[in-house]
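Positions annotated as ATP binding site by Swiss-Prot: ASP23, GLY24, THR25, THR26, THR27.
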Amino acid sequence: PYEKIGAELVKEVAKKTDDVAGDGTTTATVLAQALVREGLRNVAAGANPLGLKRGIEKAVEKITETLLKSAKEVETKDQIAATAAISAGDLQIGELIAEAMDKVGNEGVITVEESQTFGL
């Protein structure tokens, strides 16, 4: 039963990450698994579960604060293309994404579907 609870927790973490960020599910899953593994190890060694939870919450606050301080706004078409190219691992895809975003604007929606056609 504990394994099922853990699996459900990791699924929820991945889903929430995808809903909020649209990316990062693998990283979130690895982090969740590490938190559960190390948390259980510490509790088994005698750590207070509530103290452990509070420590994790403080660490999350500090990490979030640090990430927000170092975050950079992506505003220009060139910045969007560069960011998208890194994410996609392909300069041409980055350019296409930037072009699509330029056309639909900040409030627009871009839908990507798999195709049986070869090429872009």
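Note: Cβ is positioned from N, Cα and C throughout, glycine not excepted.
Counting only same-chain residues at least 6 apart in sequence, those with a Cβ under 8 Å from the Cβ of ASP23 (ATP binding site) are THR17, SER87. Under 8 Å, Cβ to Cβ, and six or more positions away along its own chain, GLY24 (ATP binding site) finds THR17, ASP18. All chains included, 12 other C-beta atoms sit within 10 angstroms of the C-beta of THR27 (ATP binding site). The number of other CB atoms found within 10 A of the CB of THR25 (ATP binding site), across every protein chain shown, is 15.
Note: the ATP site is recorded as ASP23, GLY24, THR25, THR26, THR27; in the same chain, ALA14, THR17, ASP18, ALA21, ALA28, THR29 also have Cβ atoms within 8 Å of that site's Cβ centroid.
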